[in-house]
Amino acid sequence: MGPLVERFMQFPSSLHACLLVLGLPEALKSNKTVQPVVDHCRGYLSQQFLDIGAHKSDFLSLSLEGVKVILDSELLNVQYEEEIFQYLLDWIEANCHSVESWTHSAEQLSEVVRFPWMTGDFIEDVVANNPLMQSAPCQALIMEAVKFKSYTHARQQQIMWKKTLHNRFRPRNPLILENFWGNIKTYVLQQTDMRCQVYFEFPLELVICMGETFQSRRFILGSLLNKYTFYIDAKPGLVKASYNSQLTCCINIMVLPANKTSEEVPMWLEYSIALKRDSCQNYDTKATGECIVKGSESSCAEFSDFFPGWFIERGFSFPRWNLTINGPVFFKFDLYLKPTAGSERAHVEQYTAL
(Lines of atoms letter the chains of each structure in order from A and count residues from 1; the text may use other names and numbers.)
(Lines give C-alpha, C1' and ligand atoms only; values in the text may rest on other atoms or scores of the structure.)
Protein backbone atom coordinates (compact mmCIF):
# COMPACT_ATOMS: atom_id res chain seq x y z
CA MET A 1 0.00 0.00 0.00
CA GLY A 2 2.83 2.40 0.82
CA PRO A 3 4.46 2.46 -2.64
CA LEU A 4 1.04 2.81 -4.29
CA VAL A 5 0.19 5.83 -2.12
CA GLU A 6 3.58 7.39 -2.77
CA ARG A 7 3.14 6.91 -6.51
CA PHE A 8 -0.39 8.31 -6.45
CA MET A 9 0.79 11.49 -4.71
CA GLN A 10 3.16 12.12 -7.64
CA PHE A 11 0.33 12.27 -10.19
CA PRO A 12 -1.25 15.67 -11.01
CA SER A 13 -4.48 16.17 -9.08
CA SER A 14 -7.73 15.98 -11.00
CA LEU A 15 -11.38 16.17 -10.05
CA HIS A 16 -12.10 12.69 -11.43
CA ALA A 17 -9.25 11.05 -9.48
CA CYS A 18 -10.24 12.76 -6.23
CA LEU A 19 -13.84 11.60 -6.57
CA LEU A 20 -12.64 8.03 -7.15
CA VAL A 21 -10.54 8.15 -3.97
CA LEU A 22 -13.36 9.65 -1.91
CA GLY A 23 -15.67 6.92 -3.20
CA LEU A 24 -13.51 4.15 -1.74
CA PRO A 25 -14.95 2.08 1.13
CA GLU A 26 -14.62 3.64 4.58
CA ALA A 27 -12.50 0.73 5.82
CA LEU A 28 -9.91 1.55 3.17
CA LYS A 29 -10.05 5.33 3.57
CA SER A 30 -9.51 5.01 7.32
CA ASN A 31 -6.24 3.12 6.78
CA LYS A 32 -3.33 5.18 8.13
CA THR A 33 -1.31 4.59 4.97
CA VAL A 34 -4.10 5.82 2.70
CA GLN A 35 -5.08 8.76 4.94
CA PRO A 36 -2.61 11.26 3.35
CA VAL A 37 -4.13 10.58 -0.08
CA VAL A 38 -7.67 11.06 1.26
CA ASP A 39 -6.71 14.32 3.00
CA HIS A 40 -5.01 15.53 -0.18
CA CYS A 41 -8.12 14.81 -2.25
CA ARG A 42 -10.36 16.52 0.28
CA GLY A 43 -8.16 19.61 0.22
CA TYR A 44 -8.01 19.68 -3.59
CA LEU A 45 -11.78 19.36 -3.90
CA SER A 46 -12.35 22.14 -1.35
CA GLN A 47 -9.98 24.46 -3.21
CA GLN A 48 -11.79 23.84 -6.52
CA PHE A 49 -15.17 24.85 -5.06
CA LEU A 50 -14.43 27.87 -2.89
CA ASP A 51 -17.39 29.61 -4.56
CA ILE A 52 -20.11 27.06 -5.33
CA GLY A 53 -22.25 29.63 -7.11
CA ALA A 54 -19.53 30.24 -9.71
CA HIS A 55 -19.26 26.48 -10.46
CA LYS A 56 -22.87 25.46 -9.94
CA SER A 57 -23.10 23.05 -12.89
CA ASP A 58 -19.91 21.23 -11.88
CA PHE A 59 -21.12 21.07 -8.28
CA LEU A 60 -24.43 19.48 -9.28
CA SER A 61 -22.56 16.78 -11.21
CA LEU A 62 -20.45 15.64 -8.23
CA SER A 63 -20.93 12.41 -6.31
CA LEU A 64 -22.49 12.31 -2.86
CA GLU A 65 -19.07 11.93 -1.19
CA GLY A 66 -17.68 14.88 -3.13
CA VAL A 67 -20.60 17.13 -2.18
CA LYS A 68 -20.26 16.10 1.46
CA VAL A 69 -16.58 17.13 1.48
CA ILE A 70 -17.35 20.52 -0.08
CA LEU A 71 -20.28 21.33 2.22
CA ASP A 72 -18.10 20.44 5.21
CA SER A 73 -15.28 22.75 4.08
CA GLU A 74 -14.37 25.83 6.11
CA LEU A 75 -12.99 27.49 2.97
CA LEU A 76 -16.38 28.10 1.35
CA ASN A 77 -17.02 31.68 0.35
CA VAL A 78 -20.39 32.14 2.07
CA GLN A 79 -21.68 34.82 4.38
CA TYR A 80 -24.55 32.87 5.94
CA GLU A 81 -24.96 29.18 6.77
CA GLU A 82 -28.43 29.26 5.19
CA GLU A 83 -26.72 29.31 1.77
CA ILE A 84 -25.23 25.87 2.47
CA PHE A 85 -28.67 24.38 3.07
CA GLN A 86 -29.89 25.77 -0.25
CA TYR A 87 -26.95 24.15 -2.07
CA LEU A 88 -27.87 20.86 -0.38
CA LEU A 89 -31.45 21.11 -1.69
CA ASP A 90 -30.26 22.01 -5.19
CA TRP A 91 -27.98 18.95 -5.38
CA ILE A 92 -30.64 16.55 -4.11
CA GLU A 93 -33.21 17.93 -6.57
CA ALA A 94 -30.76 17.45 -9.48
CA ASN A 95 -29.47 13.98 -8.55
CA CYS A 96 -32.07 12.09 -6.52
CA HIS A 97 -35.20 10.66 -8.14
CA SER A 98 -36.72 8.39 -5.52
CA VAL A 99 -37.89 8.75 -1.95
CA GLU A 100 -35.18 6.40 -0.71
CA SER A 101 -32.40 8.36 -2.41
CA TRP A 102 -33.84 11.66 -1.18
CA THR A 103 -33.89 10.44 2.41
CA HIS A 104 -30.43 8.84 2.27
CA SER A 105 -28.78 11.90 0.68
CA ALA A 106 -30.49 14.35 3.05
CA GLU A 107 -29.34 12.35 6.07
CA GLN A 108 -25.76 12.11 4.80
CA LEU A 109 -25.36 15.76 3.74
CA SER A 110 -27.20 17.23 6.74
CA GLU A 111 -24.43 15.90 8.99
CA VAL A 112 -22.03 18.57 7.63
CA VAL A 113 -24.48 21.50 7.60
CA ARG A 114 -23.96 23.73 10.64
CA PHE A 115 -27.58 24.34 11.59
CA PRO A 116 -26.74 26.06 14.92
CA TRP A 117 -25.40 29.03 12.93
CA MET A 118 -28.68 29.63 11.12
CA THR A 119 -31.31 31.99 12.45
CA GLY A 120 -34.07 30.48 14.54
CA ASP A 121 -36.72 31.68 12.06
CA PHE A 122 -34.99 29.90 9.18
CA ILE A 123 -34.69 26.65 11.14
CA GLU A 124 -38.34 26.77 12.19
CA ASP A 125 -39.94 28.01 8.95
CA VAL A 126 -37.70 26.47 6.28
CA VAL A 127 -35.59 23.58 7.57
CA ALA A 128 -38.06 21.92 9.95
CA ASN A 129 -40.91 22.11 7.42
CA ASN A 130 -38.93 20.76 4.46
CA PRO A 131 -40.12 17.27 3.38
CA LEU A 132 -36.51 16.09 3.04
CA MET A 133 -35.82 16.80 6.72
CA GLN A 134 -38.58 14.66 8.25
CA SER A 135 -36.50 11.53 8.97
CA ALA A 136 -35.38 10.81 12.53
CA PRO A 137 -31.65 11.63 11.95
CA CYS A 138 -32.51 14.97 10.31
CA GLN A 139 -34.97 15.88 13.06
CA ALA A 140 -32.28 15.06 15.62
CA LEU A 141 -29.94 17.57 13.93
CA ILE A 142 -32.67 20.22 14.01
CA MET A 143 -33.26 19.63 17.72
CA GLU A 144 -29.50 19.79 18.31
CA ALA A 145 -29.43 23.25 16.70
CA VAL A 146 -32.47 24.47 18.66
CA LYS A 147 -30.93 23.21 21.89
CA PHE A 148 -27.65 25.01 21.12
CA LYS A 149 -29.50 28.26 20.45
CA SER A 150 -31.34 27.97 23.78
CA TYR A 151 -28.09 28.01 25.77
CA THR A 152 -26.62 31.13 27.31
CA HIS A 153 -24.00 32.93 25.26
CA ALA A 154 -21.25 31.79 27.60
CA ARG A 155 -22.23 28.13 27.30
CA GLN A 156 -22.44 28.42 23.51
CA GLN A 157 -18.83 29.61 23.45
CA GLN A 158 -17.81 26.79 25.76
CA ILE A 159 -19.39 24.21 23.42
CA MET A 160 -17.96 25.91 20.32
CA TRP A 161 -14.39 24.95 21.14
CA LYS A 162 -15.05 21.56 22.68
CA LYS A 163 -13.53 18.71 20.69
CA THR A 164 -16.21 16.67 18.93
CA LEU A 165 -16.44 14.27 16.00
CA HIS A 166 -18.13 16.96 13.90
CA ASN A 167 -17.82 20.69 13.24
CA ARG A 168 -21.46 21.73 13.51
CA PHE A 169 -21.00 23.82 16.66
CA ARG A 170 -18.09 25.80 15.19
CA PRO A 171 -18.73 28.67 12.76
CA ARG A 172 -17.60 27.94 9.23
CA ASN A 173 -15.61 31.18 8.97
CA PRO A 174 -15.23 34.46 10.89
CA LEU A 175 -17.62 36.22 8.50
CA ILE A 176 -20.49 33.92 9.46
CA LEU A 177 -19.74 34.48 13.14
CA GLU A 178 -19.57 38.22 12.59
CA ASN A 179 -22.90 38.30 10.77
CA PHE A 180 -24.42 36.07 13.47
CA TRP A 181 -23.23 37.98 16.54
CA GLY A 182 -22.68 41.53 15.36
CA ASN A 183 -20.41 43.83 13.40
CA ILE A 184 -18.00 46.70 13.88
CA LYS A 185 -19.15 50.33 13.86
CA THR A 186 -17.30 53.61 14.30
CA TYR A 187 -18.75 57.07 14.85
CA VAL A 188 -16.73 60.28 15.13
CA LEU A 189 -18.62 63.14 16.78
CA GLN A 190 -17.81 66.66 17.98
CA GLN A 191 -14.57 66.86 16.02
CA THR A 192 -12.43 70.00 15.87
CA ASP A 193 -8.82 70.44 14.79
CA MET A 194 -7.40 69.28 18.13
CA ARG A 195 -10.25 67.41 19.83
CA CYS A 196 -12.73 64.68 18.92
CA GLN A 197 -15.06 62.13 20.44
CA VAL A 198 -15.01 58.61 18.94
CA TYR A 199 -17.59 55.86 19.49
CA PHE A 200 -16.32 52.37 18.73
CA GLU A 201 -18.42 49.18 18.73
CA PHE A 202 -17.22 45.63 18.03
CA PRO A 203 -18.22 42.03 18.91
CA LEU A 204 -16.11 40.96 21.89
CA GLU A 205 -16.59 37.25 21.09
CA LEU A 206 -14.73 37.57 17.79
CA VAL A 207 -11.71 39.08 19.53
CA ILE A 208 -11.47 36.76 22.52
CA CYS A 209 -12.73 33.49 21.03
CA MET A 210 -11.73 33.76 17.37
CA GLY A 211 -8.59 35.90 17.74
CA GLU A 212 -9.84 38.52 15.28
CA THR A 213 -8.49 42.09 15.21
CA PHE A 214 -10.81 45.04 14.63
CA GLN A 215 -9.95 48.61 13.71
CA SER A 216 -12.01 51.76 13.68
CA ARG A 217 -12.02 54.02 10.67
CA ARG A 218 -9.22 56.57 10.70
CA PHE A 219 -9.58 60.19 11.74
CA ILE A 220 -7.21 63.17 11.76
CA LEU A 221 -6.32 65.52 14.60
CA GLY A 222 -3.90 68.44 14.65
CA SER A 223 -3.14 71.84 13.20
CA LEU A 224 -2.24 72.60 9.60
CA LEU A 225 1.48 71.99 10.15
CA ASN A 226 1.18 69.16 12.64
CA LYS A 227 -1.45 66.59 11.76
CA TYR A 228 -1.72 63.02 13.04
CA THR A 229 -3.90 60.14 11.89
CA PHE A 230 -5.48 58.07 14.66
CA TYR A 231 -7.43 54.83 14.79
CA ILE A 232 -8.63 52.50 17.54
CA ASP A 233 -7.43 48.90 17.50
CA ALA A 234 -9.02 45.96 19.36
CA LYS A 235 -6.99 42.74 19.45
CA PRO A 236 -6.76 39.57 21.59
CA GLY A 237 -4.33 39.33 24.47
CA LEU A 238 -3.17 36.82 27.05
CA VAL A 239 -2.46 37.59 30.70
CA LYS A 240 -0.57 35.07 32.82
CA ALA A 241 -2.02 34.34 36.25
CA SER A 242 -0.86 32.13 39.08
CA TYR A 243 -3.32 29.32 38.33
CA ASN A 244 -4.32 29.81 34.69
CA SER A 245 -3.93 31.97 31.58
CA GLN A 246 -6.45 34.77 31.22
CA LEU A 247 -7.73 35.71 27.78
CA THR A 248 -8.46 39.38 27.38
CA CYS A 249 -9.06 42.07 24.79
CA CYS A 250 -6.43 44.78 24.32
CA ILE A 251 -7.57 48.24 23.27
CA ASN A 252 -4.93 50.39 21.56
CA ILE A 253 -4.95 54.02 20.43
CA MET A 254 -2.78 53.91 17.32
CA VAL A 255 -1.18 56.97 15.72
CA LEU A 256 0.85 57.75 12.62
CA PRO A 257 2.02 61.11 11.18
CA ALA A 258 -0.10 62.68 8.45
CA ASN A 259 2.70 64.88 7.08
CA LYS A 260 6.46 65.32 7.32
CA THR A 261 6.20 68.08 9.93
CA SER A 262 4.40 65.68 12.27
CA GLU A 263 7.37 63.32 12.12
CA GLU A 264 9.63 65.96 13.66
CA VAL A 265 7.44 67.55 16.35
CA PRO A 266 6.04 65.51 19.31
CA MET A 267 2.61 66.32 20.78
CA TRP A 268 0.69 65.50 23.97
CA LEU A 269 -2.46 63.38 23.71
CA GLU A 270 -4.99 63.56 26.53
CA TYR A 271 -7.48 60.69 26.49
CA SER A 272 -10.50 59.44 28.35
CA ILE A 273 -11.93 55.95 27.72
CA ALA A 274 -15.44 54.95 28.76
CA LEU A 275 -17.16 51.58 28.33
CA LYS A 276 -20.64 50.09 28.53
CA ARG A 277 -21.90 46.57 27.91
CA ASP A 278 -25.41 47.44 26.80
CA SER A 279 -26.75 50.20 24.58
CA CYS A 280 -29.28 51.17 27.28
CA GLN A 281 -26.60 51.75 29.96
CA ASN A 282 -24.60 54.87 30.69
CA TYR A 283 -20.90 55.00 29.83
CA ASP A 284 -18.55 54.22 32.70
CA THR A 285 -15.12 55.89 32.52
CA LYS A 286 -12.39 53.26 32.74
CA ALA A 287 -9.18 55.15 32.04
CA THR A 288 -7.86 58.69 31.72
CA GLY A 289 -4.37 59.99 31.14
CA GLU A 290 -1.99 61.51 28.65
CA CYS A 291 0.94 60.36 26.54
CA ILE A 292 3.43 61.77 24.05
CA VAL A 293 2.61 61.21 20.39
CA LYS A 294 5.76 60.60 18.38
CA GLY A 295 6.38 60.72 14.67
CA SER A 296 6.51 57.05 13.78
CA GLU A 297 3.43 54.81 13.86
CA SER A 298 3.00 53.33 17.31
CA SER A 299 0.57 52.55 20.06
CA CYS A 300 0.43 55.64 22.24
CA ALA A 301 -1.92 54.00 24.77
CA GLU A 302 -2.74 50.35 25.42
CA PHE A 303 -5.26 48.86 27.84
CA SER A 304 -5.87 45.20 28.60
CA ASP A 305 -7.63 45.19 31.97
CA PHE A 306 -11.16 46.02 30.79
CA PHE A 307 -12.09 42.34 30.41
CA PRO A 308 -10.30 40.43 33.18
CA GLY A 309 -12.92 37.70 33.53
CA TRP A 310 -11.91 35.40 30.69
CA PHE A 311 -9.59 32.47 31.20
CA ILE A 312 -8.51 29.17 29.63
CA GLU A 313 -9.08 25.93 31.47
CA ARG A 314 -8.45 22.50 29.92
CA GLY A 315 -8.20 24.09 26.49
CA PHE A 316 -11.56 25.90 26.59
CA SER A 317 -12.26 29.60 27.08
CA PHE A 318 -15.27 30.85 28.96
CA PRO A 319 -16.17 33.79 31.23
CA ARG A 320 -15.74 33.57 34.97
CA TRP A 321 -18.55 36.01 35.62
CA ASN A 322 -22.10 34.69 35.69
CA LEU A 323 -23.07 36.93 32.82
CA THR A 324 -23.65 36.48 29.11
CA ILE A 325 -21.90 38.65 26.53
CA ASN A 326 -24.46 39.06 23.78
CA GLY A 327 -23.87 41.63 21.07
CA PRO A 328 -21.16 44.27 20.83
CA VAL A 329 -19.33 46.23 23.49
CA PHE A 330 -19.46 50.01 23.33
CA PHE A 331 -16.48 52.35 23.80
CA LYS A 332 -16.33 56.12 23.91
CA PHE A 333 -12.97 57.86 23.44
CA ASP A 334 -12.42 61.56 24.18
CA LEU A 335 -9.13 62.62 22.59
CA TYR A 336 -7.41 66.00 22.87
CA LEU A 337 -4.17 66.73 21.05
CA LYS A 338 -2.11 69.60 22.44
CA PRO A 339 1.44 70.84 21.83
CA THR A 340 4.35 70.19 24.15
CA ALA A 341 6.78 72.95 25.13
CA GLY A 342 9.20 71.78 22.43
CA SER A 343 6.51 71.63 19.78
CA GLU A 344 5.45 75.22 20.54
CA ARG A 345 9.00 76.46 19.92
CA ALA A 346 9.11 74.39 16.73
CA HIS A 347 5.87 75.97 15.53
CA VAL A 348 7.24 79.47 16.11
CA GLU A 349 10.33 78.60 14.07
CA GLN A 350 8.21 77.14 11.27
CA TYR A 351 5.96 80.19 11.07
CA THR A 352 9.00 82.47 11.15
CA ALA A 353 10.53 80.55 8.27
CA LEU A 354 7.30 80.85 6.27
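Each residue, glycine too, has its Cβ placed from N, Cα and C.
Listed features, source TrEMBL:
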type: DOMAIN; residues: 27-128; note: domain 'BACK'
type: SIGNAL; residues: 1-30; note: signal peptide
Confidence summary for the domain 'BACK' (27-128), mean pLDDT rounded:
90
If you run through the domain 'BACK' (27-128) with DSSP, how many residues end up as helix, strand and coil?
71 helix, 0 strand, 31 coil
